[in-house]
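Now, the feature entries from TrEMBL:
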- 49-68: transmembrane segment (TRANSMEM)
- 80-103: transmembrane segment (TRANSMEM)
- 115-133: transmembrane segment (TRANSMEM)
- 145-167: transmembrane segment (TRANSMEM)
- 179-202: transmembrane segment (TRANSMEM)
- 222-242: transmembrane segment (TRANSMEM)
- 254-274: transmembrane segment (TRANSMEM)
- 313-334: transmembrane segment (TRANSMEM)
- 346-368: transmembrane segment (TRANSMEM)
- 374-394: transmembrane segment (TRANSMEM)
Amino acid sequence: MPQPTINRPTAPSRTPSALALSAGGGVGGASVAGRGKVGVRERIGCFQWTWFTMTMATGGIANVLHSIPYESRWLTGVGLAFFFLNICLFVMNCVLICLRFYWRPSSLIDSFTDQFESLTGTILITIAQYGIPHTGPWLVNTIEALFWIYISISTVISAGLYLTLWSTQVFPIHTMTPVWVFPAYPLLLAAPLGSNLIGAALRAGRLSDISAIPVALASVTVQGTGFLISFMICAAFLYRLMTQKLPRDHQRPGVFISIGPSGFTCAGIVQLGSQAPAIFPADFLAASGTPTATAVMATAAHTLRLLSYMAGLWLWGLSVWFFLVSVGSLWKYLRPESKGKLRFQMTWFSFVFPNTALVTATEALGTAFGSPGLQIFGCVLAGCIVVVWMLVFAEMLRCLWRKEL
């Protein structure tokens, strides 16, 4: 007797163009293998904002190499190579993300309800570092104009993105990682950008060509805003660690993002403090016709420099502490008996760009205090960060070749 045929419901098939975007900025290798060949258009459709972490890491390496106090032509050449590579990668990312939005217009709106970052700050910093000392006054004025545009747009977009996330998404505490800081991350580059703009103008003898005092005050204002937002989020992250343990495997690289807020703030504040005697005139904030106030203001800049150094030490210690916690969170993956595995995602560049903040902060403090120990320690960290960048970049290329991204 023939058996009756039972029609079982089957899961709806999905084409490669409907693949869900992974948190790491691509499509997992297993999912691709089960769906046949994936064309270039489908792969570009999986392009995410997380790819811009690559440009932030690359620009951070150029910034780190410039911060090394031991100058040499080959070091400058390597820094320039990373600088130009960063510009090329940034342009490539912009083209690909625009193609994604052109081919899938709905993904533009969807992308703004996910963690998003504006990551052009490192490009402006390295342009100031490598370009201003070797060009005319036009570049100084251009970077100053871009500085004001950058901090204005960053402030508005940061507030808008957080408002969008709070209005459209619900984030349970057990999913919390320092990635929540990303909308505020552009604000954390305000002081490094401002201090490098002023420092480059000083070295080029063109400080009078820019509005140094407004740039310095705006840098401190925006940097303070970004740091306080990040500090509150990091406090929530500590609560999450106390109640939910460490993040899951695929979220573990994001722990390193907690290093950035205090590191970038330390580097920017210390550099601005060291420039205070050149930025602020002796009669700054002094009432007209009051020589006593003018005399007092003559020493105020040096006092401000000392205070910035002390605050920098405080923030540097916090950055080192988060660095130790972040490195310790990876210990389980180094043990032979460990069953955990980190599959490559674009968030692996979090191993690089937050740590560049720690390196630049270390070098800034070493220069401020004239400490060879801190300077050598910063150079060792810089070498390690460059090696990590090379490993992550090579792994990214391997995953691209194997169509896992």
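Glycine too: its Cβ is placed from the backbone N, Cα and C atoms.
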Proximity verdict for the transmembrane segment (346-368) and the transmembrane segment (80-103), three or more C-beta pairs under 8 Å: no
Best-contacting stretch, by C-beta pairs under 8 Å, relative to the transmembrane segment (254-274) and drawn from 80-103, 179-202, 374-394: 179-202
Beyond the flanks of the transmembrane segment (49-68) by 6 or more, those residues with Cβ under 8 Å of it: 23-25, 75-76, 78-80, 82-83, 85-86, 89-90, 93, 96-97, 111, 114-117, 119, 122-123, 125-126, 129-130, 192, 267, 345-347, 349-350, 352-353, 356-357, 359-360, 363-364, 378-379, 382, 385-386, 389, 392-393, 396
